[in-house]
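Undergrad: Got a structure for you, questions after.
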Amino acid sequence: MNSKYGDNIIDFLRYLEKFVKSLTKDNKIEEFKTFDIKSLLYPRNKDYFGNLSKFLLAVISARIGSNFINEDDIFEISELLKEFLGQELEHLPYLSYEELYVEIVEQVGEINGTVSEIIEAITVTIDFLDTFEKVSQTIDRSNEKQKLLAYLSAPVNQLDNSVSGVFNENDYTDIQRFFTELTNENNQSPDSNISILINDFQSLLNILESQQASSSSSKMIINDSPRTQQRNGTTEQQKKQQQQQYLQKNKEPFYSKDKIMQVSGPSYVFTPSDCNVSIQVGIPPDTLKRDQSICHFIVPHFLISKDVSLSEVEFPIFYNKFVQKGKTKVVIICTVEQKQRIETILCESIFGPAPEHIYTDEEITIPDYKIDLLTERLAIDPRANDEKLDSYVIFKTFDTFGVVDIDLPSASDPTKLINLRIRNTKGLISFHEDYHVVQKQLHLKLQEQQQDQQDKSSSSTTDKQMINTSGNRIILKNNTVSVIDSTIESQYVPVLPFGNDHEQVKKFKAPILGVTFLGVSHGLDFTHCSHTTGFIIWINGSGVVVDPPVGNTTYLQTNGIYGKTVEHIILTHCHADHDSGILQKIIERNKVTLYTTKTINESYMRKLKALTGLPEQSLKNYYTWVPVTIGNKIKILGAEFEFDYSFHVIPTIRFKLEIYNKKISYSADTFYDLQKFKQLKDQGVLSKKRIERLKSFVFDADMIIHESGVAPIHTPMANLLELPSEIRKKIRVVHCSSSVDTKGEIIRPKEGLENTEIIKVDRKYKGVAECIQIQTALNHCSVFSKLSPAEVQRVFFLCKKIWVKRNDVIIKKGSPSDMFYIILSGKVLVYENEYEPIKSTTSVGTVVTDTTTITTTVKTDAIKIPTIKLCAGETLGESALQLDKNIDASATVIAETDVCLLVWKTMDLRTEFHSNLNTFISKVHMDLSHINSCRDAIIRAFQHNITQHINKEEVDSIANGSKDVSFAHHQVIFNEGDTSDSMYIIKQGRVRIHSKKNKNIIRYLNVGDFFGETAYRRSNEDSNFLPTRSFTATAIDPTILLKLDIESIVNPRIQNIIEQKAKKNAEDNIRYHAYSPKIRTPRTPRKVYPIEGLSI
C-alpha cells in the first residue's frame, strides 16, 4: 500500500485530535459536557441528533464570531440544527458534497459570523470535501480495500502516540466496528458512508482550523455563572442587549471583499484579474446612475429583494440599444427558469402586449372612435415587427451543474481572452478565473504525481489545485475563487434617495387640490438627484399617485405620509421607469387601488407574475384593479377623471381630471407632432377623430403636465415651444433632464413635498373639502369602526381642528387625559419615560384652535429617545375615551414637525352620549395595558414581507381585537384536522409546528411569529365552510399567544393587513416544504469516477 495515502489518513485523525483537544480546552458551554463522541458512530437516533447538535453548536459558538450565543439559546439552536442540518445529513447517500457544503454554510451564515470568517470557512470546507472525495474513491478502487479500511480503524498503538490523549481503546473499538460494518454492506462504496462520519466532523473542523490564528482574541464571554455575572455587574438582560448591539454592528453581507465590491443596494460587482469588463450580480433600478459601462449581469437567486426588482434590465438594454447605438448587447447570466421570466418582462416592456391581449374594442365607448395600437406602434417605429429579443440581449444560462463559461478580453493583451467559469450553487455565486488553463495544468501535475508517487512534497504544494469527480469545478487558492451569496435579501438603498437635495419637510398639509412632483426626469438621465417621472395629485387632502418612482414610498414615509393617505395609483404604461415603484406601493401596507385599462393591467400582471414568481390570484390580493375606459368618466376622491390612449410605442393612457371648476391634465409618454399627425392622416393610419383628440385632449386644463424627450417615442421640446403662449405658461414639462432648454417659457417643476404646487379653488369649496377630509379620517380610524353611521355623524360634529407647532408639547405625562386626537398631518414623538431634557432652556409655543389659543412650554435640547413615532392617520390620548374614569396620561407627546390634529374633548363626548354612555364606551373601548403588552410581538409579526412599517394605529387595532391565551409546557395548542377558527401570534414562549400524520417536525416558532393562517379563509368562503388545520402546534415552553379572530376586527383595512400576512405565511410554508429535505425527491447516488494519477 502506498505509504503516502496512509499518511493522509493518519493526518485526518490528527486533525480530528486537534479539533477535540481545542474543544476540551476552549469550550465554555456547560451543555457540551454531556457530549459522547461514540454516539455519532451509531445509527441515527435521538442521542445521535442531540450530540451532533451539541457538536456543531460548540464549533460554531467557539470559532465563528463572538458574543452572539446566549446560554438560553443553546436548546433552540440545537433543535434547529436537528431539524435542518440533521435531516439533511440523513440524505447524504443522495447528496453531492457541494450540496452538503451549501447546507452547512447556510446554517453557519444564519447564525452569524464576520465576512472573513465565513469566506475562509467556505474555502477550507470545499478543500476538505474535494480532497476526501478523492481519498474515498481511491479506497473504493483499491484491491486492498479491506486492508486499508482496517488500517483506518486500527487501535491506538498502531498510530502516532500523540492521539493517545484524545481517544481510548474503547473509542477505537467502536470506530473499527463501524468501518467493518461499512465493508459488509454489499461491498458498497464508502463514498457516501464515510461522508456521514467525515461531514459530521471535518467540514466544520476546517472552519476551526481557518480561525486558529485568531482564536486567542475570540474567547467567548457567554454562559457565565450567575456569580460571575454579579461580579462583573452585568445582568443577563444587559448581556443580551450587548450581544444584539454587537450583531447589528457587525452584520455584514457575505462576499469576497478582495475581488467583489458591494454597490447600490443588494448588488455586487466582480472584476476579473487583467480585465476591464466587470460583472454585476443583481440589477436594481438605478444601475445606470452608478455605472453605464457594465453590460454583463448575473440575476441573483431572488428577482426581487424586499420590494424592489433586482432584475431591472430594461434600461441597460435601452441604453446600449439607443444611446450606444447597439455597439454592445447586454449579457444576462441566469437560470433557464429565470430566463423565461425575464423574457416575459422584456417582451411586455419592449414590444408591448400580443395582439390577443389588446382590448381597445371593449375599452372605447366613444362612437366612431377607433384606436389601432399595433398600427400606431408601426407608424412610430416601422422596424418594430422585425426586431426580436435577441437583437437587444444575450442570455447565458447555467447548465444542469449550475455552470456558465464565458470568455472576456484581456486588459494587457486585447488579442487574448480570459477564461471565466461562473458557478451558481443554490444562490451561491462563485467566480473561477482561468478555468481552462488551470484544467490543463492540473492534468500535467497529475501526470507528474503518477511518475513520482513516493514524493510526498507533491501533495503539499503551496499552489494546490483540486478538481471534483464530475470535472465541474476548479478551486484555486490565493484568491483565484471569489464568492457572493445572492440569496441575501438586504434592504434596497437607492444611489440617489429622495430628499437627498433638501431637508426633511418640517410642515406639510395636503392641499385641497395640488400636485407634488416626486420625479420629473427619465430612466436614462444620470445627473445628480434625478428621479423618473411620477407625481401625486392631492384631492381633498388625499393623494392619487401617478407612475410612482422607485424610492417614493420611503421618502413619503420619512415625511409622515403612509399608505392610507396615498392609496390610489394610476398606471399609465408598463415601461420600467413608470411601473417599478408600484411594487413598493402594493406591498407597503394597505391594499391599494390601481386605475388603468384592461390592456395595461393584464400586461402589468404578466410582468409582476414573472418578477415575483407568485400566481396571478395571489397577486390580485395585494391590489384592487378598477378598469378605466375611453369615454366614460370615473370618480376618484371626488374628482372626475377622463382617460384616453396616448400616441406611444406600447399601450399608454393619458388623463385629465376636474373638481371645484379646476382641471389638471397629464399627457403621459407620447409623441406630439402635428406634421406627423397630418402625414399619418394622409396615409389613412389615423382617423380625423383620433387626430383631433391627440391635438386637444390634454391642453384644455389649468395645469398641463406634459412629457418631453427624443422623437419619435417622445415629444421634442421644440414642438411644445410652438404651442400658443397661453398654453405654454400652464405646462409643467416632465420626463426630461435638467439640461433641456425650455427657453424660459415652460416650467420644469421642482421635486419634493416642500415644492408642492397648490391650485387655488373658490372659497365656497374649502368647507366641503375640509368636511371630506375629517370624514375620511373618521372612516380610517379603527377606534370608531364599531359605531353606527348615526353615531359617527354625532362624533363628527364634536371635533375641532388645531395646529401645533414643532417642538410643542401636545400631551404631558401625568396630566389629566381629557382629549382624544387623530393626526391629520405631520409627525409626533411619544416618550413613555419621563421627558427630561438635559438643558433647562425653555421655549413657548402656541396651539391655535378655531376658537381658542393654548400656550404650551417645552424644554429644548432633549436627547431622550422616543418610544414611538406617530404620523398622519394615527391616534393619541386613547385613555380619554374611557369616559367613566379619570385617567392621567401615561406618556409625553411632542410635535416633531408642525402638526394638524383633530381633537375631541372627554367632556363633550360624555355630554353627547350620556343617555347610552356604557354602550358608547364599550364600542370605543381599548384595553391599553393589553395593547402595550402586545405591541412588540405584533410589530415583529407584521413588519416582515407584508409591511415595512406597521403603524401604531394598526398595531392597536390588531391588539384590541386579540386576547391572551396561555399554554403549559408541551401542551397542544391545536391538532391536525381541528377546525381552523383563529390565528395566533406568539407573545411569550416557543411553539413547535409538526405533523403527527407524517411524523416530522415542520419548524420551530418564537416570539413574534404568526401561525394558524388557514383561519382567514373563513372570511372569503361560504359561511358553512370550515377549514381544518393542516398541522399540529405544541407549546415547547410555558407560552402566551395572542389569539386573533377575524370576525372581531371589523375595519376592512386592518382585516386586509391580517389576511395579507396569512397568505404570505401560507406561501412561505409551501416554499419551505418544497425545499424541505423530508420531501425532496431522492437522487441516484453519484457514480465514482477514477482520478488519473492516483493509485495504491
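Glycine is no exception: its Cβ is also placed from the backbone N, Cα and C atoms.
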Undergrad: Need the matching range: Swiss-Prot marks region 'Disordered' on one of 183-215, 216-248, and I'd like to know which.
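TA: From Swiss-Prot, the annotated region 'Disordered' range turns out to be 216-248.
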Undergrad: So what sits near H573 (divalent metal cation binding site) in its own chain, CB-to-CB under 8 Å and at least six residues off in sequence?
TA: D579, I600, H648, I650, P651, T652, I653, A668, D669
Undergrad: Please identify, from the binding-site residues V783, I802, L1026, L1042, the residue with the sparsest Cβ neighbourhood, meaning fewest other Cβ atoms within 10 angstroms.
TA: L1026
Undergrad: Determine, for the divalent metal cation site, the additional residues of the same chain whose CB lies within 8 Å of the mean position of the CB atoms of H573, H575, D577; present them in sequence order.
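TA: So the additional residues around the site are S349, G523, D547, T572, C574, A576, H578, D579, I650, T652, D669.
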Undergrad: Go through D577, E878, D978, the listed binding-site residues, and name the one with the sparsest Cβ surroundings, counting other Cβ atoms within 10 Å.
TA: D978
Undergrad: Once the DSSP letters are reduced so that anything not helix or strand counts as coil, what is Y821 (nucleoside 3',5'-cyclic phosphate 1 binding site)?
TA: strand
Undergrad: Out of I802, S962, H994, F1010, L1026, the binding-site residues in the record, which is closest to H575 (divalent metal cation binding site) when you go by Cα distance?
TA: F1010
Undergrad: Taking the Cα atoms as reference points, how far is E878 (nucleoside 3',5'-cyclic phosphate 1 binding site) from F1010 (nucleoside 3',5'-cyclic phosphate 2 binding site) in Å?
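TA: Checking the Cα atoms of E878 (nucleoside 3',5'-cyclic phosphate 1 binding site) and F1010 (nucleoside 3',5'-cyclic phosphate 2 binding site) gives a distance of 27 Å.
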Undergrad: Let me check the 10 A CB neighbour count of N916 (nucleoside 3',5'-cyclic phosphate 1 binding site). How many other CB atoms are there?
TA: 11
Undergrad: Distance check, please: Cα of Y821 (nucleoside 3',5'-cyclic phosphate 1 binding site) against Cα of L1042 (nucleoside 3',5'-cyclic phosphate 2 binding site), rounded to an integer number of angstrom.
TA: 27
